[in-house]
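Peer 1: As annotated in TrEMBL:
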type	residues	note
BINDING	165, 166, 167, 231	NADP(+) binding site
DOMAIN	6-120	domain 'Tetrahydrofolate dehydrogenase/cyclohydrolase catalytic'
DOMAIN	139-281	domain 'Tetrahydrofolate dehydrogenase/cyclohydrolase NAD(P)-binding'
Ligand code: NDP
């Protein structure tokens, strides 16, 4: 048996097309969603992410502003910029690219972003809304995982899901979203005993660990859906996930590749969030 591939690139392209059409219709009504991306310093990976976000804005018809600030920017200056963007009517989403230089306190910066413009979904109020099931802007990568499941007919409802990883940006929020989608959820982490045994119970496995090829074939219940959030660079320069793809694909029912699985969904969900924030700001359904 060989798993069906969950093609994140294709699903992401479909969603982008939907967003593009919706933005075109909004622009007819004089509404143009706007995203501000703030980058402090010259981290090479962050520069690539920021470029990709600006490109997505351009492709989908959004207004965008990229603020590139020097690494020595003070926290006060960064907070002042966020304050300005909070008040700017043509900006519906604010994304501060993480990580920030060490002298800036990440929490202070995230807390300063207006909840209505928190398209990363990291503000404590957004996290609280996610927890209590209220409508909010959802963190992008976890929301992308749920879209991949739903759009391949793998509804989490009634399924047993095991999430490996409990970070605030992936593991915890993806677990809450699976719960919201009526899965029975187990959150595993580095202190979980008998991890293979725990994972073998799962109909849906989400790996968000950061350890290359940790999840092996004999951890997987035959036919299970395996979603690999991990992005790890091997010594060879190649990217690989947290799942040993070649062998796990022999037993899983569905599997995401790396790259081309969860990865492409993150920016797409950021765009979806910005569109949603723009509609809310203009009182449109
Ligand atoms: P973190 O390092 O913040 O969290 C990793 C989690 O995995 C922790 O909860 C840790 O447990 C757990 N863990 C570590 N080792 C093991 C182990 N051997 N067995 C079981 N659990 C373990 O990582 P992130 O959540 O930020 O990211 C996870 C992966 O996802 C990374 O590869 C990252 O690059 C990728 N990623 C991909 C994104 C995308 O767009 N596709 C976006 C964000 C991240 P404990 O809490 O006990 O330490």
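Each Cβ is built from the backbone N, Cα and C atoms, and glycine gets one as well.
TrEMBL annotations: computationally assigned, not manually curated.
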Peer 1: If I restrict to non-local contacts, at least six residues apart, and a C-beta distance under 8 angstroms, what lies near residue 166 (NADP(+) binding site) in its own chain?
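Peer 2: Correct list: 172, 175, 187, 189.
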Peer 1: For the binding-site residues listed here (165, 167, 231), which one has the lowest count of neighbouring CB atoms within 10 Å of its own CB?
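Peer 2: Counting other Cβ atoms within 10 Å of each of the binding-site residues 165, 167, 231, the minimum falls on 167.
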Peer 1: Quick check on the domain 'Tetrahydrofolate dehydrogenase/cyclohydrolase catalytic' (6-120): DSSP residue counts for helix, strand, coil, in that order please.
Peer 2: 60 helix, 18 strand, 37 coil
Peer 1: Of the residues in the domain 'Tetrahydrofolate dehydrogenase/cyclohydrolase NAD(P)-binding' (139-281), how many are helix, strand and coil by DSSP?
Peer 2: 54 helix, 26 strand, 63 coil
Peer 1: Checking the spread of the NADP(+) site as listed (165, 166, 167, 231): what is the longest Cα-Cα distance, in whole Å?
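Peer 2: About 16 Å separates the two most distant Cα atoms.
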